[in-house]
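Here is what Swiss-Prot says about this protein:
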- ASP101: active site, proton donor/acceptor (ACT_SITE)
- LYS166: active site, schiff-base intermediate with acetaldehyde (ACT_SITE)
- LYS200: active site, proton donor/acceptor (ACT_SITE)
Amino acid sequence: MSLKSIAKQALSLMDLTTLNDNDTDEKVVTLCQQGNTLFGTPAAVCVYPRFIPIARKTLKAQGAEQVKIATVTNFPHGNDDIDIAVAETKAAVAYGADEVDVVFPYRALIAGNEQVGFELVKQCKAVCSANNVALKVIIESGELKTAELIRKASEISIKAGADFIKTSTGKVPVNATLESAHIMLETIRDLGVADSVGFKAAGGVKTTEEAEQYLALTAEILGQDWINQAHFRFGASSLLANLLATLNDEQVNQNVTGY
């Protein structure tokens, strides 16, 4: 595939994201407008729950209702209070989210507690299932660090009902890496759940060339045909400008953020 073809594919697989403490309605409106490109739209926009209504209104106004709205819960710290995670997930669904990205209680897993992660994901999944909302589970691979823990968090999340497993919050020093993606994609393959579970690389994917590496890795493990909006996403914000530059034959200036 040409770099332009890859850029266009990556754009269609993006969860175009703003998760900053200084987010405003205006910034979310701008994000939604930026995603409405001459080369198509992203799979989703990802915003804090309180911005779901303005995102919905903006997407509708620009005729981009096919773009899903994702949000985050138990974010970003991945605490182990199941009741709070479930309450936040219920609130996100009530705001109108199409997809919820919940943070797995990764510190509890590092400390040896596998059960709380399973229960938290299972209960959040029950809320989502009842409302036809997809659940993505952020395992925070850069904090888990070891292949063993990354695989374990992926397995627990999948067995508890995750629709996607996602690398990172974008709020820690190490976010998506090809190494962690490799382990997560192999876990999806090895558990035989490729039909029902997807993968999301989030944080740190900033260029068309980097996106290409993730797409190539995924194709190698799960096949080219597996790569579609139902199975694969990039969680990103600064990636969009680079993809558009590739598509427009322009040079791009890198703006550096965690996402």
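Placed from the backbone N, Cα and C atoms, the Cβ positions cover glycine too.
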Rounded Cα distance, in Å, between LYS200 (active site, proton donor/acceptor) and LYS166 (active site, schiff-base intermediate with acetaldehyde) is 4
Rounding to whole Å, the Cα atoms of ASP101 (active site, proton donor/acceptor) and the residue listed as 'active site, schiff-base intermediate with acetaldehyde' are apart by 8
Row the residue listed as 'active site, schiff-base intermediate with acetaldehyde', column other C-beta within 10 angstroms, all chains, value 28
Counting every protein chain shown, other Cβ atoms within 10 Å of the Cβ of ASP101 (active site, proton donor/acceptor) number 29
